[in-house]
């Protein structure tokens, strides 16, 4: 082995050996060192590990350091773990804005947030106009809607009090009082249509009441008048002599045919008027006279089917 003294210590002191050229660590992996006792010792050279810290930020423009052969596997594995962890974090947090660093919109092709995208003037369809309305404008809008609802309710309900259109109106039972008809009300209704007492001029026809084969039948007078569009007809029965009627509290004037109506009549004076001596105020009214005889006359205006009694006695 050239370059190493193999002799004793005296020989080395008297004849010094020539200097040994330096050996590069890559050319020799081990060195032999001589001790003072003359023996040799083999020493393995330790490789220098590159200094690397996982928490140091490395920029994209910087070139990565060249790892040694021994630490290539460990650095590559650490980088793989770091890249996988970073990929998981990137998937959860999304992409960052290229200008401000805030979170960018996922579908934005410019990889920027809404503020930076709008400030740069990019025509991005992802960043639409915000629909958020300030509280002051929302309050003003609510007041306008309430005023419109109140005006609509006032227009629909007339002068009634305004109410909230969202509330349901309260159902109020109708306070109706049932009306009952009494005799007094009916009398008032009849009195409004016809006068209470009227003396009328009419024609009376003498008729016989009783069986046909009876010689002495009851004599009565029959008449009919039309007052106010209504036909009134009836038969006046014999109640006895006038003296008895006066003694009983009545007179001939009490048996006048009192009807309701007005107007004039072409008929003759009644038999009761002749008996009473023409006393009392007589109200002339239009009268429809019933003719009991089969001979047609100017006053035969009664409908067919009315029972008539002829005044001719049987032979």
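Quick reminder: no glycine exception, Cβ is built from N, Cα and C everywhere.
Pulled from Swiss-Prot:
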COMPBIAS  1-10  compositional bias 'Gly residues'
REGION    1-24  region 'Disordered'
REGION    64-92  region 'Disordered'
COMPBIAS  70-82  compositional bias 'Low complexity'
COMPBIAS  83-92  compositional bias 'Gly residues'
BINDING   97, 113, 117, 124  Zn(2+) 2 binding site
BINDING   97, 100, 108, 113  Zn(2+) 1 binding site
DNA_BIND  97-124  DNA-binding region
REGION    143-186  region 'Disordered'
COMPBIAS  143-156  compositional bias 'Low complexity'
COMPBIAS  172-182  compositional bias 'Low complexity'
MOTIF     227-230  motif 'Required for homo- and heterodimerization'
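Annotated features, which come from Swiss-Prot, shown on the structure.
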residue : record                : Cβ neighbours (10 Å)
97      : Zn(2+) 2 binding site : 19
100     : Zn(2+) 1 binding site : 13
108     : Zn(2+) 1 binding site : 19
113     : Zn(2+) 2 binding site : 21
117     : Zn(2+) 2 binding site : 22
124     : Zn(2+) 2 binding site : 17
Worksheet item: Counting by DSSP, what is the helix, strand and coil composition of the DNA-binding region (97-124)?
Response: 6 helix, 1 strand, 21 coil
Item to complete: Taking only the Cα atoms, work out how far residue 100 (Zn(2+) 1 binding site) lies from residue 113 (Zn(2+) 2 binding site), in Å, as a whole number.
Response: 8
Worksheet item: Do you know the mean pLDDT across the DNA-binding region (97-124)?
Response: 84
Item to complete: Can you grab the distance from residue 108 (Zn(2+) 1 binding site) over to residue 97 (Zn(2+) 2 binding site)? Cα atoms, rounded to a whole Å.
Response: 10
